[in-house]
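Peer 1: Here's a structure for you.
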Amino acid sequence: MKPYKTPAIPASEITPKTLFYARRKFMRNAGGAALTALLPQSLWAAGPFGDLKKSPYAVEEELTPRKAITSYNNFYEFGTGKEDPAANAGVLKTRPWTVSVEGEVNKPKVFDIDDILKMAPLEERIYRLRCVEAWSMVVPWLGFSLAELLKRAEPTGNAKYVEFVSLYDPAQMPGQKSAVLDWPYREGLRIDEAMHPLTLLTLGLYGDVLPNQNGAPVRIVMPWKYGFKSAKSIVGIRLLEKQPTTSWMKAGPNEYGFYANVNPDVDHPRWSQTKERRIGEFLKRKTLMFNGYADEVAPLYASMDLQKYF
Ligand SMILES: Nc1nc2c(c(=O)[nH]1)N[C@H]1C(S)=C(S)[C@@H](COP(=O)(O)O)O[C@H]1N2
Ligand SMILES: [Mo]
């Protein structure tokens, strides 16, 4: 992994949104509590999403600049370099787009992306994202709990796991011509993890639709797990009785476990997970258990050996 430098922001990028963040920071420095409540929505939601429901799950941390979130990515379908997705994902056609929900459900469904967008009120969720490569970001996502979508398909009593399948289309995704991963990208969760309200079906960031390099038109975001669990550009969700094998488990079974909970006490075989570099910062910070979401999610793993189920 190459060291990351925050790109300088050109004058053309100084938009109302940028001003908004400057103001937000100023207010925090001035000691203002409940700062989001004081801010005009109009500056925040300069994108197509006017009414954003306030989320109880947003962390109050300085946001990673939009420029960094959209130019330093992992999206191997578009290449393995951090700058490849921003350079190559522009061609991805995100309409028409459907997401099928199938398997152990009473009502299998194929949802159109434009219906998903209207399915539930969009919330802004400011989440930490911790990559397994020991860097992190703070991202203002837009979306709603995945449970909202899953419940419409009525999972059966046999639905113990959920599998996410990303788009397979080598004509649009040049990275799929290489066998670096077993395509299509597949990820998975236990059903209780998938139904947890923190699990976000994500449709946008920074008040706008998802940029292609961040997984347009729809992706998952799992804030307490390493970033690779947050599958991008998904076209299928399968409810299963048995635990699926994910693309990363196939690529490196000793390195990428099924659970992949952020855990500073369990090293990756090739590096420590005790610290992380917040993109844009110089000094490393300590990695938090479950990426700081232990109060919410530790009960899901109460009886599990987290060294074994890494
Ligand atoms: N389909 C797909 N989803 C993916 C990946 C990928 O290569 N392909 N990379 C993952 C990894 S390793 C990370 S860290 C996050 C990065 O998300 P971001 O680029 O929006 O920050 O996406 C995850 N989702
Ligand atoms: Mo990652």
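Just so you know, glycine gets a Cβ as well, placed from its N, Cα and C.
Feature annotation from TrEMBL assigns Mo-molybdopterin binding site to ASN73, TYR76, GLU77, CYS131, SER166, ASN214, ARG219, SER230, ALA231, LYS232. According to TrEMBL, the domain 'Oxidoreductase molybdopterin-binding' annotation covers 93-248.
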Peer 1: List the residues of the same chain that sit at least 6 positions away from GLU77 (Mo-molybdopterin binding site) in sequence and have their Cβ under 8 Å from its Cβ, in sequence order, or write 'none'.
Peer 2: SER166, LEU167, MET173, GLY175, GLN176, TRP183, TYR185, LYS232, SER233
Peer 1: Suppose we draw a 10 Å sphere around the Cβ of ALA231 (Mo-molybdopterin binding site). How many other Cβ atoms does it contain, all chains included?
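Peer 2: A 10 Å sphere around the Cβ of ALA231 (Mo-molybdopterin binding site) contains 25 other Cβ atoms.
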Peer 1: Below 8 Å Cβ to Cβ and six or more residues apart, same chain only. Which residues does that give for ASN73 (Mo-molybdopterin binding site)?
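Peer 2: Non-local contacts for ASN73 (Mo-molybdopterin binding site): LYS82, ASP84, PRO85, ALA86, GLN213, ASN214.
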Peer 1: Which residues, sitting 6 or more apart from ARG219 (Mo-molybdopterin binding site) on the same chain, put a CB under 8 Å from its CB?
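Peer 2: Residues satisfying the criterion: THR202, LEU210, SER230, ALA231, LYS232, SER233, ILE234.
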Peer 1: Roughly how wide, in whole Å, is the group ASN73, TYR76, GLU77, CYS131, SER166, ASN214, ARG219, SER230, ALA231, LYS232 that binds Mo-molybdopterin, by largest Cα to Cα distance?
Peer 2: 19
Peer 1: Do any of the binding-site residues ASN73, ARG219, ALA231 touch ligand 1, in the sense that the CB is under 6 Å from one of its atoms?
Peer 2: ASN73, ALA231
Peer 1: Would you count the other CB atoms within 10 A of the CB of SER166 (Mo-molybdopterin binding site), including those on all shown protein chains?
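Peer 2: Excluding its own Cβ, SER166 (Mo-molybdopterin binding site) sees 25 Cβ atoms within 10 Å.
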Peer 1: Which whole-number mean pLDDT does the model give the domain 'Oxidoreductase molybdopterin-binding' (93-248)?
Peer 2: 98
Peer 1: May I ask you to report the DSSP-based helix, strand or coil state of GLU77 (Mo-molybdopterin binding site)?
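Peer 2: The three-state answer is helix.
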